[in-house]
């Protein structure tokens, strides 16, 4: 069963279902509780899209997140610690509740413990250390639903971009050379698994609409503007945006995202790791963000401030790079007295994440190859089973 849709907002909605008594015309209200679980390592818009789809299947979304030890046992070392991963999932706007240290294998006992009607997973497969489907029990008992996996993004792909140091993933550059590199990254000896391999992400207006809140500023709202790359959206960004959100009683937070070439101008190397389309969805999924300006001007000037009726402009403790003409991009808000520097208490940067990956390159490459080998073995087993069933059916006809 694949369902895809938009949940109106983040508040819990109540669904009406027919009473169990067929003789009664009355209806009772019951909240549909949905369970999702996973590693949620290096959380990206693919994870967010899965949670969005899961929330749309019910009313209240509970997300279980595995511990570092469980992930290391079944999959290999995670990039982020469990504390970081818990915080990232809490920041996704479709999530109502998280369960820390959820078991790696999803059972009926877990669903019942948290009063969940069913669990939702993408149309890929998750295997234990010994190659078993982690959702086998709930599938057999009819407590499993499936949603579409987001094409064009995976942790494997993102790690590859960091290690390859090319700019071919940027939004206006031909990706032929990049594809040649990624085809080799993490590839197992028996070829590519369709679940771990890399594919190209194609942005659509529908996807943006699904992620956007669609809410306009209301009278009494404080309109707060922040700008940056927000590359590889991580807990450093979450901490900053949460701090921004706390600056007003009724905040309406607008995030200005710079185009890829602008980010590369001031960050250099192969930054941004995620292109503008990917960064847009990552930021829109955050519960502290109301709106995103795609391709915002680097200088926060008069036109932008007046157009959005901005009350406050915020920046974190990170370095402010000058504009291409050498001027301060925050000159105008400073002149108006609406500029504020915030300390979120987090020192994590995109550079730090890239450094983690580079330092552990061999471990991550081994992890990807191990994961892909297990998936290929499962594909072969499923194919063999399918062939056997076809043979039996043919013999039965004769």
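Each residue, glycine too, has its Cβ placed from N, Cα and C.
Source: prediction; values computed, not measured.
According to TrEMBL, the feature region 'Disordered' maps to residues 1-25, out of the candidate ranges 1-25, 26-50. Residue counts for the domain 'Cytidyltransferase-like' (35-159) under DSSP, helix first, then strand, then coil, are 44 helix, 26 strand, 55 coil.
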